[in-house]
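Engineer: So TrEMBL says this about it:
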type     : residues : note
DOMAIN   : 16-88    : domain 'Glycine transporter'
DOMAIN   : 100-172  : domain 'Glycine transporter'
TRANSMEM : 13-34    : transmembrane segment
TRANSMEM : 41-61    : transmembrane segment
TRANSMEM : 73-92    : transmembrane segment
TRANSMEM : 99-119   : transmembrane segment
TRANSMEM : 125-146  : transmembrane segment
TRANSMEM : 158-176  : transmembrane segment
TRANSMEM : 182-203  : transmembrane segment
Amino acid sequence: MDSFTFFNNHLDYIVILDHLGTFAFAVSGIRLAYLDRLDWFGAYVVGLVTAIGGGTTRDVLLDTTPFWMEQPSYLIITGLALITVLLFESIIQKMSKTLYIFDAIGLGLFTVVGIEKALVFDFPWWVAILMGMITGAIGGVIRDVLLNETPLIFRKDVYAMACILGGVVFFISDEIGMLHSFSGILAATTVIVVRIIALQYHIEIPIFKPRKEL
């Protein structure tokens, strides 16, 4: 089977993105938990909610059974992410930007998974983009709340906007006749690149500045 035939298989394409995104988000959550000195169980829980929080919210909104309740692989992948962080603890500790790289990868992959899930339920494109944003961003929100941090999505960061831009790229690519799976890969890449560039060059969303008290 050549690579084009493989990636053209819609089911394989979604499963691959979903599992890679789960691993990436779980690592980002576990690493934050490690920095906060949580125990192994606490780190696993933080990694798990980071990985499944967005998809669970999406499925509740789409009125369907949350995906991880039908497939235990997500729990296993989170366990593998925990083992990875434990095995490479010293290396990860030295790489200060590791968290943001894994978070950006998870964000991009889950954005596409959310879009695809909404399309399966025949929702219009704008709902699909919102579901992509929710799938990508909400897990990080839950993670940050558990760790008593202001969520990244609310901290001037180009986070949710990266998801929306990736969603727009997805539908434009689809509209011009690009292979559907490649549209998804391009959209995920867009989210990842936009997120990393925004971090690298400190590109931020303007914030409200309160007026000085008289």
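A Cβ is built for glycine as well, from the same backbone N, Cα and C atoms used for every other residue.
Please treat TrEMBL annotations as automatic predictions, because they have not gone through curation.
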Engineer: Cβ pairs under 8 Å with the transmembrane segment (182-203): which stretch of 13-34, 41-61, 73-92 has the most?
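Structural biologist: If we count Cβ pairs closer than 8 Å to the transmembrane segment (182-203), 13-34 scores highest.
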Engineer: Let me spell it out: take the transmembrane segment (13-34), skip the flanking residues so only those 6+ beyond its ends count, and list any with a Cβ under 8 Å from a Cβ in it.
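Structural biologist: Counting only partners 6 or more residues beyond its ends, the transmembrane segment (13-34) has Cβ contacts under 8 Å with 7, 42-44, 46-52, 67, 73-74, 77-78, 80-82, 84-85, 89, 92, 98-100, 102-103, 105-110, 112-113, 116, 139-140, 143, 147, 149, 181, 184, 188.
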Engineer: Give the residue counts of the domain 'Glycine transporter' (100-172) per reduced DSSP state, in the order helix, strand, coil.
Structural biologist: 59 helix, 1 strand, 13 coil
Engineer: For the domain 'Glycine transporter' (16-88), give the DSSP counts of helix residues, strand residues and coil residues.
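Structural biologist: Summed by class, the stretch gives 60 helix, 0 strand, 13 coil.
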